[in-house]
Amino acid sequence: MAAGEDGALSREAVLDYLDSHPEFAGEYVSRARATQGRDGVPIVNWQAQQLFSRRRGSRHFDQHPETALGVSTFFPRRPLSPARRYNLRKRSPRKQPSLEKLSKLNELDLMLELIRDIANELDMTNLCHKILTHVGILTNADRCSLFLVKGSRDNKFLVSRLFDVTPDSSVEQAMNATGSHEIRVPFGCGIVGHVAKTKETVNIRNAYEDPRFNRTVDQRTGYHTHSILAMPICSADDEVLGVAQIINKATGGHEFTDKDEEVFRNYLTFCGISIANAQMFEMSITEYKRNQILLQLARNIFEEQTSVDKVVHKIMKDAQDLLKCERCSVFLTEDLHEQGVDFSKIFDLVSGNDADKGVQSPSASTVAWLLESGLAKHVASTGEVLNLQNTGEDSRFQFTEEAETGFRIKSALCLPIYNRERKIIGVAQLLNKHNNELFDENDEGMFEAFAIFCGLGIHHTQMYENVCRLMSKQKVALEVLSYHATAREEDVGKLLSTISQTAQMPAATKIGLYDFRFNDFVMSEDETIQGAVRLFLECDLVNKFRVPYDVLCRWVLSVKKNYRPVTYHNWRHAFNVTQTMFVILKTAPFSSMFSDVEIFAMMTASLCHDLDHRGTNNAFQSKIESPLGRLYSTSTMEHHHFDHSIMIMNSEGNNIFQSLSDEDYRQAMSILEDSILSTDLALYFKKRGSFISRAQGGATDWTVEDNKSLLRAMMMTACDVSAICKPWEVQKKVAELVYSEFFQQGDIERTKLHQKPIDIMDREKKDELPKMQVGFIDSICMPLYKVMAEKWPSLHPLYEGCRTNRDHWQALSQQKTTIVLPEQTDTTSTGKRLASTSSTDDNHSETSTSDTGHSTIQTSEINLSGKLAVSSRECSTTDIVDKSADFTSKKTPLEHLILANKPKVAQDTDIQRICEEKRKEISWKRYTPADSKGQRIVQEAALKPRHAREEIVSHGQRTSSQPQQLCKKISRISLHCTDLEDVPREHIHNSRVCAIL
């Protein structure tokens, strides 16, 4: 290098040296950047490594790909595309060797240098340019061209990648020379088409003498082609990737020699590897872009679900951007039928016109033009995927020019859109790919993915619209339900006036609300409502939490209104449970163990714990797959009870928690839910062991929330089954109600579900009820009451009442009773007409009617009321008579029914009143005759009772073993009673009358 006057190097000299030694410049800059920090301070290697190692372990940041080593510049981590990873490898690009340097190399070194130059090149344009310039150098060719294979497997063609490249031209010059219009050559056409099809090398010494040569290019450009050497470029699998063509050798007689062919062939072998790698790289970039678009499409689908129009428009816009087409249309089907298909809606998007206009509906003329060809209807009807690369060649469809815009359909890709059930819900259509390209197999696969997303988007949006409609209907239904589920204002006013007048409100002590032996059977419905209000007043909850009296009255009346009139789990059961909870909370130490909010919530839960009970258990809801069973997998009815209580509170004027603070409100609602759910016996069995161990431990702190929550759960169960602790007469009536409800569920399971019910619900095993009741007490009640009585002596009355009732049930399970029915009916002598006896003597039980003149029937059926249960249509010979009852001195219900219809006593108001009372004591049960004819007669009686009565009695006389006098007597009794059509079939039980019926 030349030096200046002062001995220093001049700028011009340095630049000249760098121009002639470019590799030195690159190495110098890289070395300098590696040893300099951000502020120009040298950083040693280990410091740089430590600096980057701290950040590389970060979850949120990573080194910027193009940041020089040692510079602590960081950016958010993001996935790198294939193109970005390629740029990372090209951080220090290899300088292309100059022609001067290449000219000094021998043939072998030149070949290696040129191969090394293209080895890591993955950009297809740069790679093709390097291949052509290298070929020109190796063969001294004047101009070079490269054609790559495109199209499907059955329709391949060659496309000019770069055309007429000279050895000294740049990439930009080559691209400008090729232009935007590519040359497309089918396989087998022309020189390059012949080479691609046959894989042969073609060396033409005089191009104009070869008929395959096209002189049009020379005529257009003015260039004269002398010789042509064309050779295929193949992959490792010997598949043609392209064709390289060189024209006019620059030296000699313009002809390519055999040596040129050999060099050309050797170099193209390595070019095939590089082109295959570059094509795979292009495919990876394309797939990466497609995946990103599909991900964005999925986001759009799930972000926008309020309108089908918006979802479809986004999908169409993304499809146009990816597949590079001029027009995209979507047809939504309305109905598929034999005559064709009807479209409910059509979307049309023209590239570049509607990008910023949002969703627009096409005009009527555009819709008619889109449907005119019949392409969409054909695809919707057949489900066929159509890729028309030349619409003019397909005679099935008639494509015309659009009148408004002059748009012509050159190529089309059309496929069906399916929903989740594989039902065609629409058609998607792409028209005219950009740059006159054709839709290929990749486009078909990508468009099918778009169609799938389009189907999902449409399906989800339609589901969302349906959900919105259903939610609106639900809101309306809830408003209606809330209105009808809320107590009437006149009832609220009546109850409110009763509360305001203390004299009319029953005192808690007077009606026994402080007693575990409380009996609600003596109270009327209005008195039970007043008693429920009295329970909350006695706890002083109204004053402590400032509950308005009208809100309390309206809530209590609404709760009562939402209890169904089922046999047992009704309003009275809820009232009894609440009364038992009240007594427990009022006794020591529970009165001081719970806070006021807890007491308020537990009292509320007790009254609401069986809201809207249907008279069936959780297992039954699962068996019939009811909506409740599908809604809640566990504790089905308990969850429904809680939800129903919340629904009542959310009704206007029913929120008794409205004055609670936010913290107290959350605590009250949590306790309310836990307490109601705790009435599920399945949860009781899970928790009971832990409660017993803690209660018997002695050192348990019941003020701890976990222990207190467990205690509240056990208290709810103790109150829920507290009827087992009532006095014997009350307990018997309650048990009768319980098993009557159980039997109704069992009957449904047997007749409707065709399943055998469990023993406790099986009417056929009613004679085992006392035994099953003992089992219920031993397995559920006694362990709980015993532990609670031992831990808290104030609860001993519960345990004592349970133990006493168990003894009664045990005695009933071991005894047998009989009813002796006389042969003749004597209405003047009660003692002669009907006698009852009880005996355990087998000989006495087997006495025949002919010997004694009486009909003695052995049975173990239990009438839980302890009285002779006779319906207004029955003379039961199988019901049990209490052994202590003196039926010879007291009239039975049957006798009163008969006497009430005698002319002589019809005027006796006392007898009429007693008969009416006895009618209310009737116990109805199910009966089905054993023989098929009897069943048919019973069915006819249900439809035509008056006309069928004589046939019923006649059939009974033929099938019954009793004398005809008994049949006549029963017939006379039935004539004085309610007509058969008034008696539900499921209420008739196995009496002698039913045996005749």
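Glycine is treated like the rest: Cβ placed from N, Cα and C.
Sequence-distant neighbours of His569 (active site, proton donor): residues of the same chain at least 6 apart with a C-beta under 8 Å from its C-beta are Tyr563, Asp610, His613, Gly615, Glu741. The feature active site, proton donor is assigned by TrEMBL to His569.
Summarising the environment of Asn570 (AMP binding site), the number of other Cβ atoms within 10 Å of its Cβ, over all protein chains shown, is 18. The feature AMP binding site is assigned by TrEMBL to His569, Asn570, Trp571, Arg572, His573, Asp610, Asp720, Gln773.
Annotation comment: TrEMBL describes His573, His609, Asp610, Asp720 as Zn(2+) 1 binding site. Non-local neighbourhood of Asp720 (AMP binding site): Val577, His609, Thr679, each in the same chain, at least six residues away, with C-beta under 8 Å from its C-beta.
Here the Cβ of Asp610 (AMP binding site) has 25 other Cβ atoms within 10 Å, regardless of which shown protein chain they belong to. Per TrEMBL, the feature Zn(2+) 2 binding site maps to Asp610.
TrEMBL lists 488-816 with the feature domain 'PDEase'. The average pLDDT the prediction assigns to the domain 'PDEase' (488-816) is 93.
Summarising the annotation, TrEMBL assigns region 'Disordered' to 820-859.
Residues within less than 8 Å, Cβ to Cβ, of Gln773 (AMP binding site) and separated from it by at least 6 positions along the same chain comprise Ala735, Trp809, Ser813. Neighbour counts of Cβ atoms within 10 Å were compared for the binding-site residues Arg572, His573, His609, and the top value is held by His609. For the AMP site, whose annotated binding residues are His569, Asn570, Trp571, Arg572, His573, Asp610, Asp720, Gln773, the maximal Cα to Cα separation is 23 Å. The Zn(2+) 1 site is defined by His573, His609, Asp610, Asp720, and by the 8 Å test on Cβ atoms against their centroid, the other residues of the chain that qualify are His569, Ala574, Val577, Ser606, His613, Thr679.
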